[in-house]
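Copied over from Swiss-Prot:
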{"type": "BINDING", "residues": "Gly8, Gly9, Ser10, Gly11, Ala12, Gly13, Lys14, Ser15", "note": "ATP binding site"}
{"type": "BINDING", "residues": "Cys780, Cys1092, Cys1095, Cys1101", "note": "[4Fe-4S] cluster binding site"}
Amino acid sequence: MSLQFVIGGSGAGKSYQLYQRVIESSLKEPKGKFLILVPEQFTLQTQKDLVTMHPKKGIHNIDILSFLRLAFRIFEETGGNDRLVLEDTGKSMIVKKVMMEKRNDLILFGANVKKQGFVEEMKSIISELAQYSIHTDELQKMKEVAKGKPLLNHKLTDIMTIYQAYEEFLQDKYINSEEILDLLCDVIDDSSFVNDSEICLDGFTGFTPSQYKLLSHLMKKAKSVTVTITMDESQINRKQEEHQLFYLSGKMAEKLTDLAITQKIEIKPPILVASENGGYSYRFHNSMALSALEKNIFRYPYKSFTEEQDDISITAAKDPMAEARHAVIEITRLLREEEYRYKDIAIVSGAMEVYGDIVKRELELAGIPCFVDHKKNILTNPVVEFLRSALDVVTHNFDYEAIFRFLKCGLTDFTMDEIDLFENYVIAFGIRGKYRYEHEWERKYKTNYEVDLEKINYVRECILKEFTPLYETLTSKKSSVRECVNALYNLLCTYHIEEKIHIFVEKFKAQGEKEDKLRAKEYEQIYRMVLEIFDRMVELLGEDVLPLKEFRDILDTGFREAKVGLIPPSIDQILVGDIERTRLKDIKALFFLGVNDGIVPKANPGGGILSDAERQLFADHEIELSPTKRQTAYLTEFYLYLNLTKPQNKLYLYYSKLDVSGKSIRASYLLGKISKIFPKLKIYDADRKSREDELLGTDQGLSYLISVLRDYEGEQPKLWREVYHLYVSGQIKGRISLDKVLQGVFYQNYEQGLTKEVARKLYGETLLGSVTRMEKYAACAFAHFLQYGLSLEERQEYKISMPDIGSLFHEALERFSKALKELDISWHELPEDVRISLGERCVREAVENFGNGILESSKRSAYLATRVERILQRTTKTLTHQLQQGVFEPGSYEQYFSHADRYLNLRGRIDRVDLYEQDGKLYVKVIDYKSGSTSFDLMNLYYGLQLQLGVYLSAAMELMKEQYPNHEIHPAGVFYYNLDDPIVTKSSSVEEDIEKKLAMNGLVNASKVVVPLLDTSFCGDEGELAPSTKSTVIPVETGKDGTFTKRSSVAKEEELITLTDYIKDLMHRFSEQIMEGKVRHNPYRAKNRNACTYCSFQSVCGFDCKVSGFSYRNLKTLNKEEVWNLIKKEDEFFGKDELDTGATEGN
């Protein structure tokens, strides 16, 4: 029985020498037993190393084990453990359950039970207590230490409550993995497995109390125990302080020595690896700089390395993406110029959640194979999403989100067309709740396409049929966990999930790409993992009856804990991993990314359930727990030392100036320490380095070539021309086709339009149009084509939009106007009480008749209905005032009209037409109600963007000529009335201020006869207009001399007639162009607005003014006089080809 240490710094060759001695001894003693104990994650690599080193390429009498594997090997021999080992998933489930059961007994933690992450925290503290052999008695001692500290006492009381309930649950059925070694110590004396064996321990930086206890037993039974210790030989006999680099190693050696002395075990002189090799460093024989780093980093005092060297470099980059990009450029150089293999290179970071995907993407762009070493969370896997969304369907009673998460997980039997059709219907009618799914859906919503109710109801019936058993089981207050799990399993079987997953696996394998192989391995494991979680729930909680939400939370905890471990699909590839977790072996170059403050060392935002001060208090009373933050900081330096000294030839350190969100960040203190050791070490700026070495990186080089071709004006430099010819000649090949790249770089938009035949097939022989359609064409011909040619439309949603509110106002106003007519009450004589009661009734009827019942479905909708009533009351009051201010009476409401010519059959409705008859003359006033804040703009009318009022005036006059053939028809004006209930500042004349804000805007006949008919306040002496008058109902005011001011919106009667003729001709021209197949991208741009701003088709039209061939149609800004002059010269306009209204093209 003996104990011996193998001592040396990182890279000295401790493992190599240890394994060499074991192999030699095993060959000399073929019947001897040799055990090598390593950390769990190192077992596979150690086996590979030994097989490679062994002359017979086999390890017949050498066992490579972890502590847990050793325990199970001995249990097979002695028995002693009939209990199931509880892994993290099961542990989390039990912790969640006992916390829920005990939440009313908890003093501090009761409110945290449902907080995400708290189960993990509590599970962590329970594991820690078990790992350090702390049970109820020890917790009681901890409470005595905490006397006088109420907060800590309450914490410990709650921990005891949960821990006791946890241990009671386990009883004789389960055992924590942390307690396995304690159990092993109880039975190891009955085992002969380790008797007279030679035991070697390698790769450990320290041991837990349970492991030390086991080692004391092993020392007594084994022939010898040999332990590798990472430490400078000069530090062997020196006591290590906590802040020193080798404190952990020294503490481990000291404890093992004490165990040996206590048991009177022989302690052999240590094997000093470096001394035996004559000071020769096994790992760093090619790099004096890396050898100097190993000897001096985190040492006090340190020795500076003053020679020039390029084995260690520091590079500053703009952000993590720039770090990764520059690292990949250097990797490409190493592969090309220094003939490195992929497996010789590793990339590590302390923030894999940031760098993992970025590095992977850059390596793939460069065509470099890589393996990202991390355990993948299974929450995003389709099978888990299938189950979680199914649970949510029941938990949230068939709400939209849960239903469509389920349908879109990719494992149902519905086609995407069926799902899309079904989703459109559900959204259009706001369907939620199981009750709605139990009744056939018969209503249709407004759309350009036929609503296929048969298909929609088929999907509804399938969902209802397949979910009813699950719903009934999960919502029953009598269902046990076993029954609930069975119901979920039956759902998996109903949808044949196992078979579908098998098809996915075969598909991924057939595709053959590395990423597909990894996905195949993930999918191969997932179904088994899900069933194991089900089994664990049934084992642990089988006959318990839990509330649905609690059942879901516990199962979800299981899913969150589960991770898929993936094995690299190839040996020769770059390893990308975490600085602490990833095992690096025999690498020549190490790229360390993200060497920034907060990552190295890693920021610790919280101290867990027990704070640092509380842990230190227990440490002062010799109660050992996990390290404090301060101790962890020292440990981090030791782990950094181990990883920085892994490469044999090159160490590349990178840091960012900005984080991924663009915030400024600092470099890590580590770089300062390295710079002091290497005073001649320069920090490179990745942003300033030449791009010449970026060229030949397959897809990556191609991406840089693209940027140069796009951005460089004039002749490209010779270097880039040569690179271009390399790609063209095929000497460099990437996954991206150069032809496709060039098509994108030099793409120009050429638009030929449609043929007349195609246009007629799309639109018919005659356009069935509205004013809105013509305005859409005037704004952009392509947008018109998408909406009216291809019949694209926005998805109907179960909500109230501005157009809906406008429709509601219109209907309520129409009902109000008709009711007045039925009651034979004139607007001029409308009593206030009748107006108010009638308004309430009309809004109520409009709401009841509106759409799909949405106004009755939520508090917000009910509020909107109230708001509509308030605005209607204000509108009827204002309209009454406006009519009473003049002499006109409403002649018709919602007046239908149509107009047909060669290409266009125009149809529409005029909200209101007011009439006044005098001396055989009929004056016509047109009003259009708007729910927004629309203002009349003569320039917009000229360009075709605002045609409504002109079209309505023309149509109204035509209708009146038919109805009153013996009268002269005269236009009085056209107006927008904006439906609103404006807020005004408090003043003595609130009503007057509101009336001014609600005054109609539009265009008024400038006749001195007509204006007083619209507003009698303009009645002056002897047929003249009253001077210095401003109307509160129409856009007219007069100056001191009785003439119109510039602010008045007036036109002569002949100008109004010319305007209506111009609009007719303009729409004729538009319809002619549409039928000729004009569909060009030509959105207008005027001042600070353009046609694209509120366009519904931005995501599909492809318009990009940066691309050649696309440009805006810039509208020239015109004043009123210029517009009238142009309208009068309409022949000049209509002689031109397209929408050429003096507009110019430009980006």
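FYI, residue positions are counted from 1 along the chain as it appears here.
For all residues, glycine too, the Cβ spot is worked out from N, Cα and C.
Taking Cα separation as the measure, Gly8 (ATP binding site) is nearest to Cys1101 of the binding-site residues Cys780, Cys1092, Cys1095, Cys1101.
When the Cα of Ser15 (ATP binding site) is compared against those of the binding-site residues Cys780, Cys1092, Cys1095, Cys1101, the shortest separation belongs to Cys1101. Using Cα positions, the member of the binding-site residues Cys1092, Cys1095, Cys1101 nearest to Gly11 (ATP binding site) is identified as Cys1101. For the recorded [4Fe-4S] cluster site, residues Cys780, Cys1092, Cys1095, Cys1101 set the reference point as the centre of their Cβ atoms, and the other residues of that chain within 8 Å of it by Cβ are Ala779, Phe782, Ala783, His1081, Pro1083, Ala1091, Phe1097, Gln1098, Phe1103.
The Cα of Gly9 (ATP binding site) lies closest to that of Cys1101, out of the binding-site residues Cys780, Cys1092, Cys1095, Cys1101. Here Ser10 (ATP binding site) comes close to Thr230, Arg283, Glu294, Tyr641, Leu642, Thr645, Lys646: these same-chain residues lie at least six apart in sequence, with C-beta atoms under 8 angstroms from its C-beta.
According to DSSP, Gly8 (ATP binding site) is assigned to a strand segment. Cβ neighbour density within 10 Å is lowest for Gly13 among the binding-site residues Gly8, Gly9, Gly11, Gly13. The Cβ of Ser15 (ATP binding site) has 22 other Cβ atoms within 10 Å, all protein chains considered. With respect to Gly13 (ATP binding site), the closest of these binding-site residues in Cα terms is Cys1101, chosen from Cys780, Cys1092, Cys1101. Lys14 (ATP binding site) falls within a helical segment according to DSSP.
Cys1092 ([4Fe-4S] cluster binding site) sits 68 Å from Ala12 (ATP binding site), counting Cα to Cα.
Taking the C-alpha atom of Lys14 (ATP binding site) as reference, the shortest distance to any of the binding-site residues Cys780, Cys1095, Cys1101 belongs to Cys1101.
Highlighted in sequence order, Thr230, Val273, Ala274, Ser281, Tyr282, Arg283 have their Cβ within 8 Å of the centre of the Cβ atoms of Gly8, Gly9, Ser10, Gly11, Ala12, Gly13, Lys14, Ser15, the residues recorded for ATP, and are not part of that set.
For Cys1101 ([4Fe-4S] cluster binding site) paired with Ala12 (ATP binding site), the C-alpha to C-alpha distance reads 65 Å.
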